[in-house]
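> Just dropping this structure here.
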Amino acid sequence: MVNQAPQDDYDDEKLARQKEIEDWLPITSSRNAKWWYSAFHNVTAMVGAGVLGLPYAMSQLGWGPGVAVLVLSWVITLYTLWQMVEMHEMVPGKRFDRYHELGQHAFGEKLGLYIVVPQQLIVEIGVCIVYMVTGGKSLKKFHELVCEDCKPIKLTYFIMIYASVHFVLSHLPNFNSISGVSLAAAVMSLSYSTIAWAASTSKGVREDVEYGYKAKSTAGTVFNFFSGLGDVAFAYAGHNVVLEIQATIPSTPEKPSKGPMWKGVIVAYIVVALCYFPVALVGYYIFGNSVEDNILISLKKPVWLIAAANIFVVIHVIGSYQIYAMPVFDMMETLLVKKLNFRPTTILRFCVRNFYVAATMFLGMTFPFFGGLLAFFGGFAFAPTTYFLPCIIWLAIYKPRKYGLSWWANWVCIVFGIFLMVLSPIGGLRTIVIQAKEYQFYS
């Protein structure tokens, strides 16, 4: 029995070290969030700059299919979000704090990682790069509107200016510490969505408005349709961070975290509907198929209002960038501390996060063809993680009765999601190819 003591000490030490790491990692370090935190984190994650591209997506889809896809996406993503919230604590005494932990539970340790992590990283890093470009473009637009006689500044520099904010903000340690940023971002998203549709309404319908498809050839129309699907898929992508957001809510067996989380999600989804439907429908109704891929560009006047809306977009994408970067920071820090046995120190965190911000900034400056990237990433990675991965995990774990309601609901989502995943990157890739022809690097 003599050898038992060192072993116990070793186990205690190991547990203590694990606890130290858990308390240090961004997602598990603070579990005292209120339900309204989840509401504005979800709004910030969900309502991206994608909302400003919705009228353009409508012009590619047309009235009937456009409205159908918008509503269907809203319903399906709400359903898959509910599944994620339910599955967070389905094993008593354990919480799946990260998307890939849920994947590992469903598909096994190795396979779960290989299925979930690449997709989640494509989504989160993709969003961060796209938001670098959006932030830069909106700042540039603001500069042009406010100061018409100024010397034009390259987009590259504006992306650097936008990134400078993140070199500071990315050092906030965890989700709760960015809740202020996130609240500001959520308020902004409602504000600029309202500006977008209210300013359109006050303009009135244009005389020469047309609602037909813009492309001359059948092939062009079909490709545009696919691309529009990708834009809509991109607009509904908050699922990659939902478990990570829920992980910050306290939980006891009597009061599981899914109660407050679900309350927050409902509020978030009502806000999402208030942002998306008026912008998409009013924008398309007023401008028809001549609407730009960012509706604020179509609304030239009143100048001060559109300038304000552009600044709101900048503030919002600052918040969104942080929310999507947090799980990536978590993965990078977990890898360094758990696998490569680095000490969990501030210096490590400082280096990791600055590196990430610099990398996304560089990629954003190199490839700023914004719209095509959205449709491409949208179909490629958003559709799986948002539309059908939760359903597949649900089927794998709960094994609902064949041909029952739950079984049908999940299969409908899976089919719809796969349809989106296959079609939208095709349209997006074509857009990228067309735009890349005329593009000079770092211009």
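A Cβ is built for glycine as well, from the same backbone N, Cα and C atoms used for every other residue.
Any TrEMBL annotation is an automated prediction that lacks curation.
Features from TrEMBL:
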type	residues	note
DOMAIN	32-427	domain 'Amino acid transporter transmembrane'
TRANSMEM	35-54	transmembrane segment
TRANSMEM	61-82	transmembrane segment
TRANSMEM	111-134	transmembrane segment
TRANSMEM	155-172	transmembrane segment
TRANSMEM	178-199	transmembrane segment
TRANSMEM	265-287	transmembrane segment
TRANSMEM	307-329	transmembrane segment
TRANSMEM	350-370	transmembrane segment
TRANSMEM	376-397	transmembrane segment
TRANSMEM	409-433	transmembrane segment
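Give me the local environment of each listed feature.
Non-local neighbours of the transmembrane segment (61-82) in the same chain are 54, 211, 213, 225, 228-229, 232-233, 235-236, 238-239, 242, 262, 265, 269, 272-273, 276-277, 280-281, 284, 386-388, 390-391, 409, 412-413, 416-417; each lies 6+ residues outside the stretch with a CB under 8 Å from one of its CB atoms.
A Cβ distance under 8 Å defines the sequence-distant neighbours of the transmembrane segment (111-134), meaning residues of its chain 6+ beyond its ends; these are 48-49, 99-100, 102-105, 159, 162-163, 237, 240-241, 313, 317, 320-321, 324-325, 327-328, 331, 356, 360-361, 363-365, 367-368, 370, 373-374, 377, 380-382, 384-385, 389.
Under 8 Å from some Cβ of the transmembrane segment (155-172) lie the Cβ atoms of residues 132-133, 135-137, 139-140, 143, 178, 181, 314, 318, 321-322, 325, 329, 349-350, 353-354, 356-358, 360-361, 364-365, 368, 442-443, all in the same chain and six or more residues away from its ends.
Tertiary neighbourhood of the transmembrane segment (265-287): same-chain residues 36, 38-40, 42-43, 46-47, 51-52, 54-55, 57-59, 63, 66-67, 70, 74, 78, 81-82, 85, 186, 189-190, 193-194, 196-197, 200-201, 203-206, 209, 211, 235-236, 238, 242, 295, 298, selected by CB-CB distance under 8 Å and a gap of 6+ residues from either end.
Long-range neighbours of the transmembrane segment (307-329) within the same chain, counting only residues 6 or more positions beyond its ends whose Cβ lies under 8 Å from a Cβ of the stretch, are 26-27, 41, 44-45, 47-49, 52, 98-99, 120-121, 123-125, 127-128, 131-132, 134-135, 138-139, 141-142, 145-146, 162, 165-166, 169-170, 172, 174-175, 178, 181-182, 184-186, 188-189, 191-192, 195-196, 199, 240-241, 244-245, 296, 349, 352-353, 356-357, 360.
Sequence-distant contacts of the transmembrane segment (350-370), counting only residues of its own chain at least 6 positions beyond either end whose CB sits under 8 Å from a CB of the stretch, comprise 125, 128-130, 132-134, 136-137, 155-156, 159-160, 163, 166-167, 170-171, 293, 325, 328-329, 332-333, 336, 431-432, 435-436, 439, 441-442.
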> For the transmembrane segment (409-433), which stretch among 35-54, 178-199, 376-397 has the most Cβ pairs under 8 A?
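Of the candidates 35-54, 178-199, 376-397, 376-397 scores highest.
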